[in-house]
């Protein structure tokens with residue numbers, strides 16, 4: 001069952017994506033369109049339709065647009081081509097929707113409405129649907145069908161005047177995107193004027209490679225004036241068009257002045273157009289334009305990922321530059337902590353040493369000799385002693401000087417640890433600020449062209465929205481772990497040393513008090529063999545060092561410094577995380593590189609064709 005499902009999936013995939021085409025121009029275009037529509041390209045629905053339309057366009061008529069300023073005579077020109085007055089003429093803007101002139105055996109009109117409906121009606125109804133003064137159902141486009149041989153291979157597109165109104169202008173520009181060539185119609189009075197040239201430049205990319213500039217109303221000029229105007233107009237306009245001619249629609253209406261009108265030159269130009277070449281150039285131009293749009297998208301994504309890579313590069317550089325000083329500060333702190341522990345030990349040992357006193361003591365010993373049997377001799381001596389309770393009370397309760405000093409040292413140490421933690425946080429805050437700025441800038445990014453990939457942009461938005469999850473979470477976990485290790489070490493230091501000084505003092509006092517008492521017992525047993533124990537200051541100091549665990553902390557601070565280890569581990573782990581993030585971003589860029597290679601392959605193939 002599962003094998004059958006898998007085989008069905010593979011077969012469906014091959015039917016969709018493993019299609020082969022012949023070696024004709026159309027077949028090669030189909031192959032290139034398929035490459036742009038590969039699954040990993042994530043083509044938008046609009047792009048898929050555009051690619052299909054490009055292939056279909058090779059079997060359709062070429063579209064030649066009639067473009068010109070309002071009242072330049074476009075309707076009159078098209079009426080001459082149609083052989084009858086179909087399009088209304090006059091001073092009122094009437095051609096408010098694009099109008100297509102197509103071939104049919106009879107004259108009729110098809111009106112396509114904005115709601116998707118359409119009607120077919122008599123050609124005489126055209127004026128009703130084109131007059132802006134009429135309140136009619138919103139039309140999307142008008143299609144005039146006429147039995148004109150020229151229209152068998154060519155569809156003429158009448159566009160609204162460029163300066164009729166803002167909406168007409170926008171519509172005109174939109175319609176120009178789907179034409180193979182254009183007739184730029186201009187009044188001969190405007191020939192060579194800057195305003196006219198500016199309008200041409202604004203639409204230059206949309207004119208195609210087979211366009212003609214037609215100057216209307218040549219009947220207004222004398223032969224000499226016409227030559228001068230043509231020479232000047234050609235010097236200005238011919239760089240934009242294949243050909244430039246002057247006609248007179250007025251003269252072309254009259255059979256007797258038709259030849260003089262030069263209208264036939266325009267018809268000859270249209271008739272002699274190589275429609276196959278036009279279609280091929282059009283498709284090539286459109287595919288190159290699509291490649292440019294997709295490449296722009298690709299470069300945008302590369303730039304976004306490069307920004308993250310640069311941020312991590314800058315962050316790592318900052319870490320390395322700052323960490324040398326940071327480690328030096330920690331090394332200094334290690335020695336400071338050790339010196340503070342020794343200072344506390346020195347202070348306690350001095351107080352204990354000062355509390356060692358002497359007192360009068362005596363003991364009895366059985367007298368020797370026959371006559372002294374059962375008699376005892378008293379021996380007086382000076383005995384060392386420590387009143388542990390009195391000494392302890394004197395140090396910590398009768399006076400709070402030492403307690404205040406130790407508390408001050410502890411607070412200073414706490415601040416030092418907090419400063420270390422703050423510096424670690426500052427490192428992460430630098431990265432966090434950059435990542436959050438990145439998220440804010442790109443989390444709602446939208447495509448700026450309909451042919452760009454919806455899926456790619458959707459995934460990019462999701463990626464940017466989750467950038468803190470992708471790029472901050474691990475660093476924050478590392479920070480949390482490092483701070484926890486610092487807190488644990490501080491707590492250990494605090495419990496075993498800085499809050500243990502009273503207990504260490506008690507233990508030290510008890511130790512020396514016991515040793516003194518033991519020495520007295522031995523001394524009283526045999527004063528010739530044993531001596532009284534008077535603790536030296538160095539002995540007391542060593543004992544306090546042990547009770548305060550100073551030697552243990554000396555190992556943890558100097559020989560195998562825990563703080564330095566935590567700091568170095570933070571740096572090493574940060575660098576490892578940066579490498580991981582860079583690899584992750586490189587994988588993202590590898591996907592983009594694969595798409596870019598596909599785009600470049602299509603671009604090079606279309607240029608070679």
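From the backbone N, Cα and C atoms, a Cβ is placed for every residue, glycine too.
Going by Swiss-Prot, these are the annotated features:
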- 1-16: region 'Inserts into assembly domain of DLP1, required for tetramerization' (REGION)
- 17-25: region 'Linker' (REGION)
- 63-310: domain 'Dynamin-type G' (DOMAIN)
- 68-75: region 'G1 motif' (REGION)
- 72, 73, 74, 75, 76: GDP binding site (BINDING)
- 158-161: region 'G3 motif' (REGION)
- 216-219: region 'G4 motif' (REGION)
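Where Swiss-Prot records a feature, it is marked here on the structure.
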residue	record	contacts (Cβ under 8 Å, 6+ apart)
72	GDP binding site	161, 185, 186, 187, 216
73	GDP binding site	185, 187, 216, 217, 249
76	GDP binding site	89, 216, 249, 250
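For residue 74 (GDP binding site), the number of other Cβ atoms no farther than 10 Å from its own Cβ, over all displayed protein chains, is 26. The list of residues near the region 'G4 motif' (216-219) in space but at least 6 beyond its ends in sequence, with Cβ under 8 angstroms from a Cβ of it, reads 72-73, 76-77, 185-189, 226, 246-251, 261-262. Of the chain residues outside the GDP site list 72, 73, 74, 75, 76, 66, 68, 71, 77, 78, 89, 185, 216, 249 have their Cβ within 8 Å of the site's Cβ mean position.
A mean pLDDT of 78 is what the model gives for the region 'Linker' (17-25). Secondary structure of the region 'G1 motif' (68-75) per DSSP (helix as H, G, I; strand as E, B; remaining residues coil): 2 helix, 1 strand, 5 coil.
Cβ neighbour count for residue 75 (GDP binding site): 23 (other Cβ atoms within 10 Å of its Cβ, all protein chains included). DSSP assignment over the region 'G4 motif' (216-219) gives 2 helix, 1 strand, 1 coil.
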